[in-house]
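Below you'll find the structure, written out as structure tokens, and then a few comments.
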Amino acid sequence: EALFQEYQCYGSSSNTRVLNELNYDNAGTNLYNELEMNYYGKQENWYSLKKNSRSLGENDDGNNNNGDNGREGKDEDKRDGNNEDNEKLRKPKHKKLKQPADGNPDPNANPNVDPNANPNVDPNANPNVDPNANPNANPNANPNANPNANPNANPNANPNANPNANPNANPNANPNVDPNANPNANPNANPNANPNANPNANPNANPNANPNANPNANPNANPNANPNANPNANPNANPNANPNANPNANPNANPNANPNANPNANPNKNNQGNGQGHNMPNDPNRNVDENANGNNAVKNNNNEEPSDQHIEKYL
């Protein structure tokens, strides 16, 4: 304890004197080691030092009040003038240093320090470190890492991956696939299909159909119809009409007219004649000269002059 206090009071300036005195004692080396450790901030080891230093003054005589050479005045009475040579050869006893006035230890020392503590412990070590921590742990590990993380996880995995992703998903799936695509889509669908195609289109439609066809066309139309037909034709026309008929014919003509009638006949001539020279009604065998006057005779179909009786019959 005395050596400890001396070391604390005088610091490194008294190291030489203190160490010289410690060399006379077998315990000096051990005590020096602990004093040296205490000098660099390990004052909590004071109680340990006190225990180790108790034996240092047991062989001393007196209380060492004079502080000269560690021997009391009564030792002088034991020596006489004839013992000066012996005095020089005598091994000096350990010098007991002065105690502090109050005899109290360092008030800042830790009274709970472990006397068996490791003297080589790092003074800057984390006091809150887990004593059960893995000594082989990675010192560069992420302190914010998930303690419940999968230890078998892929270290090269994408850190931005979706944590809610399907763990059974195809690892060879297309990473550029549309995330909004229809999950029920046909996997055998044509990859070159028109993405703008009508989703309501007839799946049984003719794949060779005209893409420019009229979307408003009659679905019941004749598939064998003439593709060159007049698109402005009368849809109500007679399908049995003569295809060789005169396209310039009078649409208001009498459908019951004589097809053998004179096409050059006067259309303004009255059929109901009132004298000679007029055509007789209901006589298809008669041919009348429309330009003849009343005195002209009516000719028959053979261009013969009729008899008077024949004329009178029709008059």
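Every residue, even glycine, has its Cβ placed from backbone N, Cα and C.
In Swiss-Prot this protein carries:
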type	residues	note
REGION	53-315	region 'Disordered'
COMPBIAS	69-89	compositional bias 'Basic and acidic residues'
COMPBIAS	104-268	compositional bias 'Low complexity'
REGION	107-266	region '40 X 4 AA tandem repeats of P-N-[AV]-[ND]'
REPEAT	115-118	repeat '3'
REPEAT	123-126	repeat '5'
REPEAT	131-134	repeat '7'
REPEAT	143-146	repeat '10'
REPEAT	147-150	repeat '11'
REPEAT	151-154	repeat '12'
REPEAT	187-190	repeat '21'
REPEAT	203-206	repeat '25'
REPEAT	211-214	repeat '27'
REPEAT	235-238	repeat '33'
REPEAT	243-246	repeat '35'
REPEAT	247-250	repeat '36'
COMPBIAS	269-285	compositional bias 'Polar residues'
COMPBIAS	291-303	compositional bias 'Low complexity'
Average the pLDDT scores across the repeat '7' (131-134) and report the rounded value.
84
What does DSSP give as the helix, strand and coil breakdown of the repeat '12' (151-154)?
0 helix, 0 strand, 4 coil
Near the repeat '7' (131-134), which residues from the same chain, at least 6 beyond its ends, have a CB less than 8 A from one of its CBs?
none
Intrachain neighbours beyond the repeat '11' (147-150), with Cβ under 8 angstroms and 6 or more residues off its ends:
none
